[in-house]
Structures are given as C-alpha cells and as structure tokens.
Ligand code: AMP
C-alpha cells in the first residue's frame, strides 16, 4: 500500500470530498503511481487488472482536471462490455459527487438510440461506452470529440479479444492530437503494444508487480461467488469453519462497519477495525480479539497492518486485495506463533484473474473451497441446536421450569413433547432462525467457465481446482464439546435476558 494520502497526490478539492464520502482510506498502489502522472498531463500505460482500483486511478485525476462549467464531452472512456461501461460510469458518478454539475453518460450497444441521443444533446462531460456504439454516434455526427481532453482505453486486451480493435483505432484517430491518453490492460499482447506505441508515445508506465513470497503454514482457498451473494457465502463459512478467531478483510471503512453490524445481527461476536478509530480504540479492539471478547474483526488493510494475534485461525478476504502484496500481508495475519492458518478468498466472476496472480505471488496453489451441501448444513444446524438445547439441561433454573411446565401440561391435559414443541415455536417467533426446521437452499455458484463478456485471452479463466487437502473443505465446526448455551452462531438460541 502507498504511504501517501489522496490529498498528497494532488487531487482537486471536489474529488477529495468524494474520496471522503466514499470512505477510501489510502490510495491503492496503482492509484499512487497513476494519479500524479495523469494530473501532470502525461499519457499513461497501466498494466493492471480489475480489483487494483484502476478505475479510480484514472477517474480521479481526470475529474480533477475537468472544466465542470463546460458541458461538452471532455473525458471519453472505452470499455469492452456494456457491464463495464455501466460500472465505470457509476464509479465516475461516485468520484464526481463533489461537483455541482457533472454529467456522466454511459453509451453501449444493445440499448435504444433515442435516450442516448437525448442525453448527448443535453450534454455530458464524461462519456463511457463500448467502441461500436460510440463509433456509430460519432459517424452520425451526434458525438463530437473536438473538445475531448482525455481518452481512456479500459481493459484494452479484452477489446482486442472481442474484435473491437479497429473501432478503437478509429475513435483514437478521431480525438484531438492534444488529447491525453491512458491505456489499461491486464496483459500486453503485441497488437495492444502497437496501439500504445502509436498513440501513447512517451507514456508513463505503471505496473503492479510484487516479488514472490511463500506463505508457510497457511492453506489457501478460493470460493467463487456472485457479488450479491457474498454475505450469504460468508455467513455459511462462519457457520461451518472451526474458527477460533477470524479477520475479514474489506475495502472501505464504511464496509467494515456495515458488515460488522450484519454479522452481529446474525449472532457473531464481531467488531470493525478501521482508520476512523483512534489509536486507543484500535488497541482496545485488538485486545478484545486477543482475550476472546471478540472473535471476528472486520478490517481494512491499513487498520490491520502488523496485527499479531496468535488465535487468528482464519483470514477471510471478503473483497479481493488491491495487489498481491496486500494479499500476502492479509493472509499473514493468520498462521502466527507457529500455528497453522486458513485463508479463504471470495471472488466474483470478474475478479477471477486474481487467482493466477496470487498463486504466482505466493508460489502456492489455491484450492477450491466448497460450501457444505444444504443437507449437510441442515444436519449441522440440527446438531448444534441439539447441543445448545442440551446445554440448558444443566441450567440452574431447569428444575423450576420443569415444575411450571408439568403444571401447565397437567391442567391442560397435554403431554410434555407438545409443550416442548410449543416452547420451541415461541423461541423461533422471538428470534427467527433459531429452529432449524427448513433445509437451507443451495447458494448459486458461478460456473468455472469465463463469465459472459469476459474471459481472458485464450478464453479459459478461473482455474478452479476441486477439493482441498484434508478432503472435506470447510472442516465442519460441529458441536463444540461443552458448547455454551447461547453460543455465537447464526440462530444461536440465547435465553431471554441474556441477549
Ligand atoms: P477497480 O479495480 O477499479 O475495479 O476497483 C475495484 C474496487 O476497489 C472498487 O469496488 C472500488 O470501489 C474499490 N477501490 C478503489 N480504490 C480504492 C481505495 N483506495 N480504497 C478502497 N477501495 C477502493
């Protein structure tokens, strides 16, 4: 991670305001390198993949240089897919939240021309689009590039792979010579290198690389998941893993708090750790983890730097790291003091290419993490319910409670099993999810093939292997011997008054 702050990189006040709002703590490595170069007006050649923070690396400095009073297109971003165009346009809108009037317009194929045309006529300073549709508007004279100050080619290798390179070159040729240019690509095939040589001479080059380091004693797993199912996946991991203590890594300060709250609501003993906490609060949080007052910390990279707590058995990368250096720091929070550790990485289809990078950087393969089947999960939940219930048979109040229930049973002429069932239903209505009555549904898993509109050169991405060492990934937590009643897992029954 970079040591410089966003303010020290020289971004404009309006953009810095947006950085504060979005809650980024510190620039990612690609941002630390690219932002100053783009602010100085250089062309930029960035070898970086999704997840490095590359969108902000070009959006923030280019927005810092924009003339917000002029409504003509000033920044043009080319993306290979409609999905990426929307994503990049959303990112621009986020980073432009500090401007009074800044319009970002996504333009892509497969959508109606009319609304795009209207929006173009209204005026937008930032246009993000796919090459074919942009060229269409350009040829019909609806898109004017005379005032374009900066052009970005995002995921250039993907545009090449999808056959857009000629369209890209036509658009490049239509932009003013004075226009600043940036090209981002995960790989540098010859055709892209040629485009770079022709249109980005003397470009500043930024590359995210890091030396290989072995991560000893840490078994690494990867779980492919959809972005909107990450919380469900995490909840199940926490349910089945034999966790002593865990650190969950996310990207933003806001996310540390949001995720902590969600996990706390599911019965976990969890605290956020982020740069908004003062030194004393941070120390207290780490101390709580050490002493077992908390079992999970949801942290950003910055906040968890150097954290050394030997009972951390698991590191869960809820969000992918910005680079392999950050990944190595993160997973190094487990496997401390000679113990073994487990690191689990959640990846969405777009982030799959991280796998190879991380495997290379750590010099060890990642095994595919498999969540338990619904039936196995249901069995586990029933066992845990049973164990927790049995734990209460030793409760000091059990004799009195039995007397009360006996009395009720006798007066109403119903048997104790019926009363126990009614009591369980009462418990469920007070704390939904307590009773494991329904088998959970299976979580949808992305296929191992390249996602639609994505996929690396040569097509095959993903590289997911089946089955980890030890056969049963997950190593179900099962019943903790002597499991305390009111334990911490999702749905753990806590007696009234002890919640
Ligand atoms: P990208 O590589 O541009 O697709 O960005 C990946 C993710 O990183 C996005 O969700 C961004 O919101 C997030 N991100 C970008 N820069 C930072 C930063 N400096 N700190 C935290 N998160 C960031």
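Going from the start of the chain as shown, residues are counted 1 onward.
Cβ atoms here come from the backbone N, Cα and C positions, even for glycine.
Going by TrEMBL, these are the annotated features:
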type: MOTIF; residues: 4-32; note: motif 'Q motif'
type: DOMAIN; residues: 35-206; note: domain 'Helicase ATP-binding'
type: DOMAIN; residues: 230-381; note: domain 'Helicase C-terminal'
type: REGION; residues: 437-499; note: region 'Disordered'
type: COMPBIAS; residues: 453-485; note: compositional bias 'Gly residues'
Considering every residue in the domain 'Helicase ATP-binding' (35-206), what is the mean pLDDT value? 93
Tertiary contacts of the motif 'Q motif' (4-32), as residues 6+ beyond its ends and Cβ separation under 8 Å: 39, 46, 48, 52-54, 56-57, 60-61, 63-65, 68, 94-99, 206, 208, 251-255, 274-275, 300-303, 322-323, 325
Tally of DSSP helical, extended and coil residues in the motif 'Q motif' (4-32): 17 helix, 0 strand, 12 coil
